[in-house]
Every structure is written in C-alpha cells, then in structure tokens.
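**Student:** Heads up, here are the entries from TrEMBL:
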- 59-492: domain 'Major facilitator superfamily (MFS) profile' (DOMAIN)
- 55-85: transmembrane segment (TRANSMEM)
- 97-114: transmembrane segment (TRANSMEM)
- 126-144: transmembrane segment (TRANSMEM)
- 150-171: transmembrane segment (TRANSMEM)
- 183-200: transmembrane segment (TRANSMEM)
- 212-235: transmembrane segment (TRANSMEM)
- 341-363: transmembrane segment (TRANSMEM)
- 370-394: transmembrane segment (TRANSMEM)
- 400-426: transmembrane segment (TRANSMEM)
- 464-485: transmembrane segment (TRANSMEM)
Amino acid sequence: MGLVGVQENGKGEMALSLGNKSKYKRMDSELSDEFDDEASNHYNELERKKSIRKYVLACAIFASLNNVLLGYDVGVMSGAIIFIQEDLKISEVQEEVLVGILSIISLLGSLAGGRTSDIIGRKWTIAFAAVIFQIGAAIMTFAPSFQILMIGRVLAGVGIGFGVMIAPVYIAEISPTVDRGSLTSFPEIFINLGILLGYVSNYAFSGLSVHINWRVMLAVGILPSVFIGFALFIIPESPRWLVMQNRVEDARSVLLKTNENENDVDERLSEIVAAAGMSNGEKNEEKAVWRELLSPSPPLRRMLITGFGIQCFQQITGIDATVYYSPEIFKEAGIENNSKLLAATVAVGVTKTAFILIATFLVDRVGRKPLLYVSTIGMTVCLLTLSLTLGFLGHGQLGVALAVLCVCGNVAFFSVGMGPICWILTSEIFPLRLRAQASALGAVGNRVCSGLVAMSFLSLSRTITVGGTFFLFALFSALSVLFAYKCVPETKGKSLEQIELLFENHNEWQGSEVEMGDSEHLVQKA
C-alpha cells in the first residue's frame with residue numbers, strides 16, 4: 001500500500017510538474033509575441049523614418065534644380081565668352097555687360113519672386129522660374145547678333161532670379177529642424193555643380209567651330225530645367241505657405257510627410273500658426289509687408305542687417321569675378337594656351353563642388369558661425385596671397401602654381417562657409433509673414449553686388465591691375481570676418497520660430513549663443 005502511495009505521490013508531483021511546464025510555456029509564448037510586436041513596431045518606425053528622410057531629400061534636390069542653371073551659366077560663360085567675342089566681334093565693354101547683366105537683371109526675378117511665391121505658392125514659383133529660363137536659354141542658343149543674345153540673357157536672368165530666391169525659402173520651410181542647415185545648403189551645392197558642368201561643357205565643346213561651340217554650350221543649360229516638370233508631381237507645397245492661406249489641415253498632412261516624429265507635428269503646426277499671425281483661424285491685422293520692411297521695428301532691422309549684409313558680403317569678396325573670369329586670372333598669371341586655361345578652370349570647379357559637400361555634412365554638426373569664421377578668414381588669406389602673387393611674381397612657374405592654388409583655395413573656403421550659409425541664414429531668420437519678400441530683398445542685394453563686380457572687373461583690372469583688384473577683394477573679405485562676429489547669431493538646432501526670437505534681444509543678435517533650453521523658455525513665455 002505504501003508503495004502505491006509513493007507512486008500516487010510520484011504521479012501527483014509529475015502532474016504538477018507538467019502543469020508548471022505548460023504554464024511556463026504559455027508565459028514564454030506571450031513574452032515572445034510581445035517582443036516580436038515591439039521588434040516589428042521598431043522596424044516599421046525605422047522604415048518610416050528612412051522613407052521620410054528620402055522624401056525630404058528628394059524635395060530638396062528637385063527644389064534646387066533651378067540653381068544648377070545659375071551655376072551652369074556662371075561656369076559656361078567664362079569659356080563661352082571667348083568664342084562669342086570671336087564669333088560676334090563684340091567689344092570688351094559689351095563682354096562685361098553680357099557677363100554681368102544676368103546678375104543685375106536677376107534682381108527683378110528675385111524681387112518679383114517674393115510676392116509671386118506668396119500668391120501662387122513656393123512650389124509653382126519654382127516651376128515658373130524654370131519656364132522663363134528655358135525661353136531665355138533657347139533665344140541665346142539661336143541668337144544671330146549681340147542684341148538678340150542680350151534679350152535671351154535678360155529672360156534667363158529673370159528666371160534665375162526667381163529660382164535663386166525661392167529654393168532656400170522652400171527647403172527651409174519643409175525641412176525638419178535637425179536637418180534644415182544641411183538641406184538648405186543644397187541650392188549652393190547645385191550652383192557649384194552647375195559651375196563644374198559649365199566648365200566641363202566649355203572644355204568638351206571647345207573643339208567645335210567658333211560659330212557652333214558656344215551655342216551648344218548654352219543650349220545644354222536647358223536640360224536641368226526639364227526635370228523640374230517631373231518634380232511637380234513629387235514635391236508638396238510648403239506647409240508654412242499653406243497655413244498663410246488658412247489651409248491648416250493641408251499643412252498638417254505635409255508636416256506628417258516631412259517630420260520623422262509624429263508627436264512633434266501638432267506642436268510644430270501650432271508654432272507655425274502662431275508665427276503666421278493666426279489665432280483661432282483668423283489673421284491678425286498687419287502692416288503691409290513692404291511698408292513693414294521699409295519701416296522696420298528694431299528686431300526686424302537686426303534681421304535685415306544680418307540677411308542683407310551677408311548676401312552683399314558673399315559677392316563683394318569677388319567670388320563671381322573669380323569664377324566668371326578665371327581664364328583671365330590664369331592668363332594674367334602666365335597660362336596662354338586656351339585648352340590649358342579651360343582645364344585649369346575645371347580644377348576650380350571640382351574644388352568648389354567638393355568643398356560644398358563638406359559644408360553640407362558639417363553645417364548642422366559644427367554650426368553656422370564656426371564655418372563662417374573658417375571661411376572668411378581662409379578667403380582673406382587666399383585673396384591677399386593671390387594679389388601679391390599676381391603683383392610681384394610675374395609669369396614664372398611658381399607664379400602660375402601659386403595663382404591656381406590661391407584661386408582653388410579661395411573657392412574652397414568660400415564653399416565651406418560663406419557660400420551655403422549665406423542662403424541658409426537668409427531663409428531662416430525672417431518671420432513667416434515676411435520671409436519670402438525679405439529673402440527676395442536679400443537676393444536682390446546679392447545679385448546687384450554680383451552684377452557690379454562682374455561688370456566692373458575687367459575695367460577695374462585695367463585701372464589698378466588684376467593684383468590690385470584682388471587686394472580690394474581681400475579687404476572686403478577681412479571686413480566680412482568682423483560682420484560675422486558682430487551681426488550673425490548661431491541658429492543651429494533651433495526651429496524657424498525660435499530663431500525669430502533671437503533677434504528680439506540686442507545682445508543675442510550680436511552673436512551670443514542661446515542654448516536650446518533658453519529658446520524653448522522664450523517660446524513658452526511668448
């Protein structure tokens with residue numbers, strides 16, 4: 001009997017043991033399912049973020065295509081003008097006018113672009129710019145005389161003015177805060193890419209007959225704008241423009257497509273609505289935009305000094321003269337063969353494009369001001385050295401090597417800071433209600449200075465020598481270092497609405513950095 005009891009107890013313990021095992025299995029299964037669900041959700045979230053990054057990147061690329069046109073024109077004209085001069089028998093003054101008129105005329109496009117983008121939207125202004133440029137480029141390609149060439153040049157300039165002004169504004173308004181600096185530098189990247197393509201085009205088609213080669217060079221510039229037609233099916237309208245049109249739900253759907261964190265969308269939308277001067281769906285009464293710009297409040301005056309000032313400094317340091325007239329500079333240094341001249345300009349284009357890519361990776365990591373300091377100081381050294389080289393070293397091999405090195409160094413330092421950050425800052429600092437037209441005003445300053453430099457470089461060089469002209473550029477570059485120190489605040493890591501608050505205080509505007517926590521406190525306080 002006792003043996004049976006033991007067996008019974010044994011069976012009972014065995015049953016209990018089996019029951020416990022079954023229970024553990026169920027618990028393990030539940031834990032495993034929960035883990036699988038979490039892993040699946042995490043994977044889906046990562047895929048969603050990756051998809052959003054690709055989408056925003058595509059939007060930035062397509063919005064920047066018009067800037068390829070500006071870069072290509074700058075690059076290609078440096079070589080094409082040699083053959084245009086030979087084919088159409090134009091004078092040196094006509095050459096200066098032909099080169100510089102595009103920058104002067106593009107200010108009309110930039111001025112009109114601000115108002116146009118407020119009426120028809122940022123997206124369709126990009127398309128409009130491409131159409132105008134295509135018409136101008138086609139006229140230039142088939143121009144039988146200097147006068148017809150100038151008509152095409154004027155139209156191309158207006159189209160470029162629209163494109164240069166709207167691209168950074170659009171990209172800044174659709175970009176997530178964390179990537180805004182890198183993405184807003186895309187227009188400058190594409191300008192540099194266009195310059196490089198222009199140089200390569202010069203080199204590739206220079207072997208054709210004089211009557212044909214410059215026409216082919218100019219015609220190739222039409223191709224980038226064709227892709228903008230495809231872009232219209234991909235890129236959304238700016239959420240900030242949609243809010244200004246009281247289309248808040250449409251703006252929310254765009255923010256959902258362009259922001260990785262869904263929880264931030266409503267908060268960001270509230271900031272945009274507040275910045276647009278809307279409360280409960282109603283717009284506050286505001287002064288007319290241009291009246292406000294011409295009679296600015298102290299914070300707006302600081303914004304205009306920063307935005308307009310940095311745009312002017314970008315050009316009066318002579319970057320367009322360096323790019324447009326690089327064959328002339330290298331000829332002054334001692335290079336005489338046309339093929340060697342054009343090959344040297346290709347080296348300049350490669351350098352400029354390579355360093356703008358470096359800036360893209362650094363601008364949201366290092367910040368705007370450190371890159372500006374490196375850029376402006378480096379440009380000053382290179383411009384001063386180039387001035388001394390052209391003035392004192394003559395036409396020897398050392399002079400040629402130093403001239404090429406200094407020109408490449410100048411464009412490298414420009415591309416790593418002043419080039420992209422100029423457009424980044426202008427698109428970041430202005431209030432939403434004024435952003436498009438204030439940015440247009442900055443672009444006008446940029447284009448006027450560019451045109452004045454391009455149209456006076458040859459005459460100035462004949463008067464005070466090429467070396468003397470670059471000494472003048474070096475002085476302006478030295479002044480730009482002081483301007484960056486006194487008038488440019490750090491905007492890295494701040495939303496567009498938080499940046500606006502930096503200019504409310506005079507000390508914060510004068511370059512003192514405000515931590516993110518302080519900015520958030522200011523936003524809450526407002």
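Note: Cβ is positioned from N, Cα and C throughout, glycine not excepted.
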**Student:** Kindly say whether the transmembrane segment (150-171) and the transmembrane segment (55-85) touch, using the definition of 3 or more Cβ pairs under 8 Å where each pair is 6 or more positions apart.
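**Tutor:** These two stretches do touch.
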**Student:** Tell me, please, if the transmembrane segment (212-235) and the transmembrane segment (370-394) are in contact, taking contact as 3+ Cβ pairs under 8 Å between residues separated by 6 or more positions?
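**Tutor:** Counting Cβ pairs under 8 Å (6 or more apart in sequence), the transmembrane segment (212-235) does not reach the transmembrane segment (370-394), since there are fewer than 3.
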**Student:** If contact means at least 3 Cβ pairs within less than 8 Å, sequence distance 6 or more, would you call the transmembrane segment (341-363) and the transmembrane segment (97-114) in contact?
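**Tutor:** Checked: the transmembrane segment (341-363) vs the transmembrane segment (97-114), no contact.
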**Student:** Could you tell me what the rest of the chain brings near the transmembrane segment (400-426), counting residues at least six beyond its ends with Cβ under 8 Å?
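**Tutor:** Residues packing against the transmembrane segment (400-426) from afar: 168, 172, 180-181, 184-185, 187-189, 191-192, 306-307, 310-311, 313-314, 317, 319, 322-323, 326, 329-330, 332-335, 344, 347-348, 351-356, 358-360, 362-363, 368, 371-379, 381-383, 385-386, 389-390, 393, 438-439, 442-443, 446, 480, 488, 491.
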**Student:** Sort out the residues at least 6 away from either end of the transmembrane segment (370-394), same chain, that have Cβ-Cβ distances under 8 Å to it, and list them.
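**Tutor:** Sequence-distant neighbours of the transmembrane segment (370-394): 317-318, 329, 332-334, 359, 362-363, 402-403, 406-407, 409-410, 412-414, 416-419, 421, 465-471, 473-474, 477-478, 480-481, 484-485, 488.
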**Student:** Near the transmembrane segment (464-485), which residues from the same chain, at least 6 beyond its ends, have a CB less than 8 A from one of its CBs?
**Tutor:** 309-310, 313, 316-318, 321, 328-329, 332, 369, 372-373, 376-377, 379-380, 383-384, 386-392, 418, 457, 511
**Student:** Within the same chain, where does the transmembrane segment (55-85) have neighbours whose Cβ lies under 8 angstroms from its own Cβ atoms, ignoring anything closer than 6 residues to its ends? I mean 6 or more beyond.
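**Tutor:** Distant contacts of the transmembrane segment (55-85): 95, 98-99, 102, 106, 126, 129-130, 133, 137, 149, 156, 159-160, 162-164, 166-167, 170-171, 174-176, 179, 183-184, 186-199, 201-203, 206, 210, 213-214, 217-218, 220-221, 224-225, 227-228, 230-231, 234-236, 257-258, 320, 323-327, 338, 342, 345, 349.
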**Student:** Six or more residues out from either end of the transmembrane segment (183-200), which same-chain residues have a Cβ under 8 Å from its Cβ atoms?
**Tutor:** 56-57, 60-61, 63-65, 67-79, 164, 167-168, 171-172, 175, 217, 220-221, 224, 323, 342, 345-346, 348-350, 352-353, 356-357, 359-360, 363, 415, 419-424, 427-428
